[in-house]
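Enquirer: Checked TrEMBL, it gives:
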BINDING   Thr106, Ser107, Phe134, Pro135, Ser136, Asp137, Asp205, His208, Tyr230, Trp260  pyridoxal 5'-phosphate binding site
MOD_RES   Lys231  N6-(pyridoxal phosphate)lysine
Amino acid sequence: MSGTTTAPAVPDRDTFVELDRHDPLAPLRDHFDLPTDLIYLDGNSLGALPAGTPAALDAVVRGQWRNDLNRGWTQHGWLRLPVTVGDAIGALIGAAPGQVVVGESTSTNLFKLLWGALAQRPGRRVVLSDTGNFPSDLYVADGLVNLVSGGHELRVVPTDDVVAHLGPDVAVVLLSHVDYRTGEILPVQQITERAHEAGALVLWDLCHSAGAMPVHVDEWGVDLAVGCGYKHLNGGPGAPAFMYVSHRLLPRFTQPVTGWIGHRDPFAFDPVYHRDPSPVGLLSGCPPVLGLVALEQGVRLLRRADLRQIRDKAVALTDRFVRLVAARPGNRRLGLLGPAEAQRRGSHVSYRHPAAEAVVAELLRRGVMVEYRPPDVVRFGFAPLYVRYADVWDAAAALTEAVATVETAVNDGGLRHE
Ligand SMILES: *Cc1c(COP(=O)(O)O)cnc(C)c1O
């Protein structure tokens with residue numbers, strides 16, 4: 001961290017093993033079913049498998065589905081799952097019950113809420129976002145402004161310029177709480193306040209913060225939020241994502257996909273749509289029951305831990321990793337992206353390297369799974385529920401070897417770069 005003046009020595013592995021011994025979150029690792037020969041540093045792309053998930057799915061598939069068939073919807077409360085799992089996620093992001101529901105993917109949820117936000121601000125035509133935002137969020141916003149075609153516009157500016165671009169034409173500010181590449185944490189409350197002063201709504205993407213750190217959407221005055229089920233919530237591949245609409249907006253909030261499940265009485269088969277005034281009104285079609293059952297397991301596991309402890313461990317893991325990488329001279333071509341202070345970063349750390357993709361492949365050969373992000377980024381995700389301090393040490397050692405191998409190959413003309 002800042003303040004370090006002398007060149008740091010590489011601490012030995014035992015000190016990391018010792019940290020694991022005193023880690024209050026260490027027992028949670030046993031609640032995951034992890035491959036034994038792999039250090040998994042990609043849990044922020046796809047969370048690991050909670051040990052209870054296969055049995056929970058089996059109970060629903062072979063018990064409920066097989067035996068009860070269509071009665072399952074009422075008998076087992078399948079239709080309520082978007083709300084019950086939604087409220088459980090709400091507890092993780094500081095939302096009082098009745099404001100969060102689990103819907104479709106983050107991208108689709110985002111589309112629905114963004115449309116709803118524009119409907120709340122007729123006469124304002126700008127969706128304001130930043131260049132660091134997740135591309136899918138920008139694609140969806142771009143698709144939407146073209147679709148509504150009332151002279152609407154997606155304005156994408158550098159992150160630091162967002163507040164300066166607030167004005168009477170901005171309907172909604174669309175940002176990610178944690179940058180998917182650099183890990184930078186944006187000051188949600190501060191930006192939300194400025195947006196409100198300018199008369200705009202805010203829509204926060206919590207994909208890299210929900211379940212990874214304390215989030216306080218109610219307290220921070222957030223209007224709308226979406227977030228992923230398959231990253232830090234460990235809901236499994238393609239897990240459905242959640243939507244938050246503040247109770248301040250909910251009574252008048254509309255969304256564009258007015259399907260029957262969002263109707264206040266779907267089984268009346270009313271020819272006219274009447275929106276359910278609760279977050280159920282954000283839904284469209286039948287909920288993905290199996291996905292919700294798996295997501296519920298992931299969320300339940302997270303609720304055994306204290307988010308403050310999770311966050312503190314993420315800071316400790318990422319900070320130690322960065323220090324280990326910096327302490328080895330062979331790593332000088334690895335350029336840390338984003339803020340230098342771990343406190344200002346989320347649970348992942350990214351480095352630039354001219355042969356990033358080859359470094360990622362070399363790491364995998366050494367049993368460390370990380371993420372490559374084009375064109376030149378290697379991203380290391382540290383999920384505090386199951387990543388150990390010893391893993392940090394081992395991954396840093398493997399990285400030094402991987403970089404040496406790749407750079408030797410480059411020097412030998414075996415690999416092209418730059
Ligand atoms: C992973 C991610 C998404 C993608 O969500 P989908 O559910 O696949 O649509 C959206 N936004 C951010 C910031 C992400 O990291």
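Cβ atoms are placed via backbone N, Cα and C, with glycine included.
TrEMBL: automatically predicted annotations, no manual curation.
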Enquirer: Per 10 Å Cβ neighbour count, which of the binding-site residues Thr106, Ser136 ranks highest?
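Expert: Output for this query is Thr106.
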Enquirer: Would you mind sorting out which binding-site residues among Thr106, Phe134, Ser136, Asp205, Tyr230 put a C-beta under 6 angstroms from ligand 1?
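Expert: List returned for ligand 1: Thr106, Phe134, Ser136, Asp205.
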Enquirer: Roughly how many angstrom lie between the C-alpha atoms of Asp205 (pyridoxal 5'-phosphate binding site) and Lys231 (N6-(pyridoxal phosphate)lysine)?
Expert: 13
Enquirer: In the structure shown, which of the binding-site residues Phe134, Tyr230 has the fewest other Cβ atoms within 10 Å?
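Expert: The binding-site residues Phe134, Tyr230 were compared, and Phe134 has the fewest Cβ atoms within 10 Å.
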Enquirer: Restricting the comparison to the binding-site residues Thr106, Phe134, Ser136, which residue's C-alpha is spatially nearest the C-alpha of the residue listed as 'N6-(pyridoxal phosphate)lysine'?
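Expert: If we rank Thr106, Phe134, Ser136 by Cα distance to the residue listed as 'N6-(pyridoxal phosphate)lysine', first place goes to Thr106.
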Enquirer: Please give the pyridoxal 5'-phosphate site's span as the largest CA-CA distance among Thr106, Ser107, Phe134, Pro135, Ser136, Asp137, Asp205, His208, Tyr230, Trp260, to the nearest whole angstrom.
Expert: 31
Enquirer: Work out the three-state DSSP category of Asp205 (pyridoxal 5'-phosphate binding site).
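Expert: It is in a strand.
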Enquirer: Go through Asp205, Lys231, the listed recorded positions, and name the one with the sparsest Cβ surroundings, counting other Cβ atoms within 10 Å.
Expert: Asp205
